[in-house]
Every structure is written in C-alpha cells, then in structure tokens.
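Features reported for this protein in TrEMBL:
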{"type": "DOMAIN", "residues": "365-401", "note": "domain 'SOCS box'"}
{"type": "REGION", "residues": "65-84", "note": "region 'Disordered'"}
{"type": "REPEAT", "residues": "123-145", "note": "repeat 'WD'"}
{"type": "REPEAT", "residues": "146-181", "note": "repeat 'WD'"}
{"type": "REPEAT", "residues": "190-231", "note": "repeat 'WD'"}
{"type": "REPEAT", "residues": "232-273", "note": "repeat 'WD'"}
{"type": "REPEAT", "residues": "286-320", "note": "repeat 'WD'"}
Amino acid sequence: MQEPLLLAELKPGRPHQFDWKSSCETWSVAFSPDGSWFAWSQGHCIVKLIPWPLEEQFIPKGFEAKSRSSKSDSKGRGSPKEKTLDCGQIVWGLAFSPWPSPPSRKLWARHHPQVPDVSCLILATGLNDGQIKIWEVQTGLLLLNLSGHQDVVRDLSFTPSGSLILVSASRDKTLRIWDLNKHGKQIQVLSGHLQWVYCCSISPDCSMLCSAAGEKSVFLWSMRSYTLIRKLEGHQSSVVSCDFSPDSALLVTASYDTNVIMWDPYTGERLRSLHHTQLDPPMDDSDVHISSLRSVCFSPEGLYLATVADDRLLRIWALELKTPIAFAPMTNGLCCTFFPHGGVIATGTRDGHVQFWTAPRVLSSLKHLCRKALRSFLTTYQVLALPIPKKMKEFLTYRTF
C-alpha cells in the first residue's frame, strides 16, 4: 500500500511567559466520536479544541476531498469556532464523551443555568496535579472539577454507551470511576497495580476495562462489578498502551519490550505478537530502548493497527499480517489515534506538534462485517458453543484471518 502521507502539521505558538522545555509535550490527542472536533494537548497547560475538518489553509491541495467530511447541515448551524482551554496544569489525558450524550440537566444546571437542557459534547482533561477538569465543547465552559487522585492523571476513557461514566488512570497506581450524571461522584477506586497506571481502555460493548501500568502484566476489569477478571501475562517490560477492537473481540497491548500483543480478552489467550524491528540498525548498542513503543490504536473498522515507537516511525499494520504494511517517519512521537470515520491518523509529539497522516481506506469484506456484527454481542465462549463448523468458529474468534 501507499506510505502514509503527511496531510497537515499544527505547531503551537509558544506563550512568552513559558519557556521551560519539559512541559511542551503533546501527551494526548483525541477526536470526538462523531468526528466533528479534535482535541490537542499542545503543552504548557493548554488544550486546543479544533473543529473538524481542518480549515483549508492547513491541508495541501489535492487532499480536501479525502480528508474533509461532507456535512450538509453544518452551514445551517453556523461554523463552530476553535477554542483554547487553559487548564492551569500540564495536560496528560484527554477524552471526549460519546456523541450525543443523553440529556443530563443535573450536571450543568448546577454550574451554568443558562446552558439549555439539550444533549451536549464534553471533554475531560487529566492534569498533572491529579485533578480532572470537565469542559463543555460547544462553549468552552468549565463544568466540573473532579478531585481524588493523588498524582498525575495519565489517561481517561468514557463508556461508549453514553452513560457518562468516566474512568481515569493515574500515577497514584489507581483507577477511579466517576459518574458525571451525579455531579462527578466518585463511585469506585480500583487498586492492585504496583506501578504508575499509563493507560485505560473500555471495550466498545462496555463490559470490560483494560489498564496498563509500568508492569509486565495487564489488568482486565469487569465494568459491571468493578472487580478484576484476570491478569494478562506475556510482555517482558512495562506495558504503556492498550486498545480494544471495535467489536470488543480483540485487545492489543504495547510495551517498552518493542512488542504489541494481540489478545482474546475473554479467554486471556495470546493470539499474535507484532515485533518492532528497526529499519536501520543503530551505530552502537548504547540505546537499548530505541524501538520502545509509546502508543497503539485500532482503526475504526477494525482491520488495521497504528503504532508509534521511539525509533521515529509511525507503523501501520494489517490485522492478518505480522509485519507492517506501511511506515512514516516522525520525530519524538508520543501518541496516535484514528479519525473515527477512517482515512486519517493523528499523532502527537514530544515537541508539542500534531501531525495528520493519510490512513488506509478499505471496504470491509462481507465476511469481516458479519464477524464484527456477531462479535459485538457474542463472547468467545458463546461463539465456540455455536453449532457451526470449526473453521467458521476459528474465523469468528480471530484464530484465522
């Protein structure tokens, strides 16, 4: 396939009062689930909320048709404006609520009576001091401030169902569950990790929560009982990133050991490993972590993965292959995420930049669409119990591709 092409790059205008280098990183980037907004933690305590698609001046000629979604109703509503959120602390984690969120008058009426009783999109920001700030995207208003964590809030994840349950992962070695429909009430603390928790991901069917800390094992929790289901053992170094497939049937984890492991979250079985070998060998062996992974994510249709590693490469992987199908050179990458409608990958860097890359556009096969539909509501055990041929079971459980 064609190598990913750089569509656009956004660079922060440095505030003059801030000149320290250590707080300029883009630790997190996120698209809203409906694809209408992009959130960029640009460093120096600032989050930019950017309407998507990008303004014409950011995108080279020839890419407008591919990257710009057609929204016939956007003109009638008036174009949304870019917003700057000053969080007052270094921003580590970002998460949009599902769109549209159910009406939850209690949440905003208490703080902003002028906000109408309609569904609205919100953004959660995880901060350096352990606070979580909740913002209304359309207005840029601060709605809530959630306190409880004792250290950096490294990652955030909303339940995809729209229930406004938020999970936070922190360097205080805990995960916390918040109910934003109840004024941000903390409803559970999940303990058990012995190191900083780097990443949390909720399965699209809202049944499971995966958490990755600076440990070799990954924890799987029940989102119904908030209890530990199992630990996944297989990595040789700290696991730093995790993501579920769109049908909840697969879980991928990325580690400093240079490997991505693909798991069956229902059985705990290790299905495949993707090893990040260097394209060019180093001149010496002084940097043993040159291929350490930073981030992994699934594409929206579930047929591709993207990974960012310290060897300055963005890699695209096809689910059925053990070697990357495409590479793109990027310096100091920290995070990556797919546009929810496909075709674009956003990456954040240690320098505070965001880069947008072309991603594979694919028409899913009927076989894959059927598998995805079935696996969205059937566990691995339920598939194995079906009175169907063995080969079909193997395909449906991703044992064969």
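Backbone N, Cα and C define each Cβ position, glycine as well.
Most Cβ pairs under 8 A with the repeat 'WD' (146-181) among the ranges 190-231, 232-273, 286-320 are made by 190-231. The average per-residue pLDDT of the prediction over the repeat 'WD' (146-181) is 94, rounded to a whole number. Taking DSSP states H, G and I as helix and E and B as strand, the domain 'SOCS box' (365-401) has 22 helix, 0 strand, 15 coil. Broken down with DSSP, the repeat 'WD' (232-273) shows 0 helix, 24 strand, 18 coil.
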